[in-house]
Amino acid sequence: MATLSLAVSPPSPTPFPFSAPPPPSNPTIQCCSNISSYNSAPHEQLHFPTNGKPSFQQSPFNTNSPLPPRPRRIILVRHGESEGNVDENVYTRVGDPKIGLTQKGKAQAEECGARIREMVEGNGAAEDWKLYFYVSPYKRTRQTLQHLGKCFERRRIAGVREEPRLREQDFGNFQDRERMRVEKALRMLYGRFFFRFPNGESAADVYDRITGFRETLKSDIDVGRFQPPGQRSEDINLVIVSHGVTLRVFLMRWYKWTVEQYERLHNLGNAGMVVMEKGHGGRYSLLMHHSEEEMREFGLTEEMLIDQEWQKHARPGELNYDCPTINSFFTHLGDDGCRT
């Protein structure tokens, strides 16, 4: 498969009685938080109405607080060169999750970190810019993060989370090299997205777990989980360190690309990266950082590029009612909706 490297690839207790006394006719439970940040908040009371269900009379949370800043970028990074990239026989004796980086791969990871720092600092960054990392639990991705992270001081790292849903597509356990060659040839005939490796996964299976991760990520963005209140930089950047198939599927799920469009995409080179940058309206577009030429080389079609241009100016929650993908399905319709 062709590869593409884009630089632009955690008082004493009272004994429990055997039987509790009957509750008072109209009990009130006082709930006090011991968390220091909520000490000044009013106490929350639960009143039990006649149906026995609690009703919240007062909330300690400030519902009028401003929304947390959306991350400026979501940076997708593929791991550096691994031992398996150099010698496929490694897979016959070492489990895929335990395959590490080569010395070249470690150097590639450090170079990628330098490129990320240069991009963040050289593009109007706020003084308090930070990075938050999500990483696959495989050895080669964790090592990539360790070497990539050498380019950043501790104060620049807002946090890191190991995320199993970002793992590589499962090709089975210890692999038979010749059998895998046959299976990969069959995959090209069957279709790269739907072909499932014996005892492993298809890209469609990866899509299902990435869908769950995407919902977690969107929730993290909405609640501003990356930085504590009062310390939220407008220039927080998310970095996802993962694998080639997983990152392509992530982009497919995020931008709602079709199976046919996914199968046109090329793999990122080792330590290559793709940058989703926040556009003028708040959504993320690949064209905020990358050129159209780079994205065509990656495999984006003209329809996908038109949508990326729209993403540059659209706001979160908006829908693209002129989405050009519709033409891929209804080729018999003219501009007026009539058959041509």
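Glycine is treated like the rest: Cβ placed from N, Cα and C.
Among the features that TrEMBL reports, region 'Disordered' is placed at 1-29 (among others).
The compositional bias 'Pro residues' annotation in TrEMBL covers 10-26.
Sequence annotations record features per position, and here TrEMBL assigns region 'Disordered' to 44-70 (among others).
Look at TrEMBL and you will find 52-65 tagged as compositional bias 'Polar residues'.
Per TrEMBL, substrate binding site is recorded for Arg78, His79, Gly80, Glu81, Ser82, Glu83, Gly84, Asn85, Arg140.
For His79 (active site, tele-phosphohistidine intermediate), the same-chain residues that are 6 or more apart in sequence and have a Cβ closer than 8 Å to its Cβ are Leu101, Gly105, Ala109, Ser136, Tyr138, Arg140, Thr141, Gln143, Thr144, Val241, Ser242, His243, Asn270, Ala271. If you look up TrEMBL, you'll see His79 marked as active site, tele-phosphohistidine intermediate.
Taking Cβ-Cβ distances under 8 Å and a sequence gap of 6 or more within the same chain, the neighbours of Glu168 (active site, proton donor/acceptor) are Asp96, Ser136, Tyr138, Ser242, His243, Val245, Thr246. Among the features that TrEMBL reports, active site, proton donor/acceptor is placed at Glu168.
In the shown protein chains, 31 other C-beta atoms lie within 10 A of the C-beta of Arg78 (substrate binding site). Close to the recorded substrate site, the chain also has Ile99, Gly100, Leu101, Thr102, Gly105, Thr144, Asn270: residues not among Arg78, His79, Gly80, Glu81, Ser82, Glu83, Gly84, Asn85, Arg140 whose Cβ is within 8 Å of the site's Cβ mean position.
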